[in-house]
Amino acid sequence: MNFLLIVLGGAVGAILRYELGKRIMARTKQPGIPKAMLIVNLIGAAGLGIFLGMYGVMNSPNEGGDNPWYLLINIGFFGAFTTFSTFSVEAFQLLHKGEMKRFWIYSSLTFIGSITLFSLAYMFILSNYM
């Protein structure tokens with residue numbers, strides 16, 4: 001059963017990432033930083049902060065592992081929706097092309113933005129629902 005929850009969440013997350021990324025790329029054709037993956041990862045970080053904030057309110061902090069909602073949403077959906085591997089490839093491509101300024105902007109926005117949005121979303125949920 002756990003396997004199926006992860007697969008279901010992962011399928012939905014991957015499809016949503018693909019569709020959202022495709023739409024973002026269609027609207028931003030000018031060269032620059034890889035905006036689609038940046039936006040997807042920022043949305044995912046905020047969404048994961050909301051989910052884990054709500055999950056922490058509803059469950060003990062040590063619970064996780066086999067909880068169906070945790071498997072479906074945290075492991076499955078957000079595991080497939082956000083992706084560090086694609087970020088790594090895109091960052092490497094910028095480095096390989098010698099586009100240092102774009103590399104640093106993209107990397108900084110991804111790291112700092114993701115951690116900041118996760119933290120803000122998580123803290124918002126905890127401060128409003130605890």
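Each residue, glycine too, has its Cβ placed from N, Cα and C.
Any TrEMBL annotation is an automated prediction that lacks curation.
Record features, source TrEMBL:
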{"type": "TRANSMEM", "residues": "37-57", "note": "transmembrane segment"}
{"type": "TRANSMEM", "residues": "69-91", "note": "transmembrane segment"}
{"type": "BINDING", "residues": "Gly79, Thr82", "note": "Na(+) binding site"}
{"type": "TRANSMEM", "residues": "103-125", "note": "transmembrane segment"}
Inset, instruction - Determine the Cβ neighbour count for Gly79 (Na(+) binding site): the number of other Cβ atoms within 10 Å of its Cβ. - result: 18
Legend entry - Under 8 Å by Cβ from Thr82 (Na(+) binding site), same chain, sequence gap 6 or more: Arg17, Val40, Asn41, Gly44, Ala45, Leu48
Inset, instruction - Give the three-state DSSP assignment (helix, strand or coil) for Thr82 (Na(+) binding site). - result: coil
